[in-house]
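Chemist: What follows is a single structure, and I will ask about it in a moment.
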Amino acid sequence: MTIILGLDPSLSCTGWGVIRAEGSRIAHVANGQVKTDAKAPIADRLHHLHAAIAAVIAAHDPDRAAAEEIFINKNPQSTLKLAQARGCVLAACAAGGLAVNEHAARLVKKSVVGTGGADKAQVQAMLKVLMPGAQVAGADAADALAVAIADANLRSIANLRSP
C-alpha cells in the first residue's frame, strides 16, 4: 500500500489530495485547498503555503508526492507567481522527505479520464466514479486528486513492464 500526495500548486489556491493506492485499487484519504490572501505580501503568502503543505504532510505521512509540471502562461508575472508557489510546495515536500514525481497536465487527464484534452468537469466526473462518496473541496483539490491518481496509475504500469 502506498500513500500519495497529489498537488496542484498556485499562489492564490493550491489544491492537495491524498490517496491510498494498492495495485490498481485507489481510495480517497483526504483533500483540501490552501488559499492565500491576495492583499498580503508575497513572502507572507509563500510562508503560509509552505506551512500549510508541511502540515498536510505531517498529518497524512505520504510515501511520495506528485505535482503537475509547470506550464508557461502568456502573462510572465502569472508564470513567475506560479513558479514561486510551486517552489514553495516542492520545498515543503523535500523538507518532509518526499520524492516528487512530476507529470504533464495532458498525461494526468489521459490517465484519469482517457483523453488528454479532458476539461475540468470531465475530470471531476471521473473522480466521482473512481472515489464514490469522496467530498472534494473544490476544483483545485480535484486537480490534485487527479495528479495523485495519475501517479498511482503510471507507477502501476511501470511495475507491470519491469521484469
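Each residue's number is its place along the chain shown, starting with 1.
The backbone N, Cα and C atoms fix where each Cβ goes, glycine too.
The following feature annotations were taken from Swiss-Prot:
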- Asp8: active site (ACT_SITE)
- Glu68: active site (ACT_SITE)
- Asp140: active site (ACT_SITE)
- Asp8, Asp140: Mg(2+) 1 binding site (BINDING)
- Glu68: Mg(2+) 2 binding site (BINDING)
Chemist: If we count other C-beta atoms within 10 Å, could you say which of the active-site residues Asp8, Glu68, Asp140 has the fewest?
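Modeler: Per-residue Cβ counts within 10 Å for the active-site residues Asp8, Glu68, Asp140 bottom out at Glu68.
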Chemist: Could you measure between Glu68 (active site) and Asp140 (active site) for me? Cα positions, answer in whole angstrom.
Modeler: 12
Chemist: What whole-number Å value do you get for the CA-CA distance of Asp140 (active site) and Asp8 (active site)?
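Modeler: Asp140 (active site) to Asp8 (active site), Cα-Cα distance: 6 Å.
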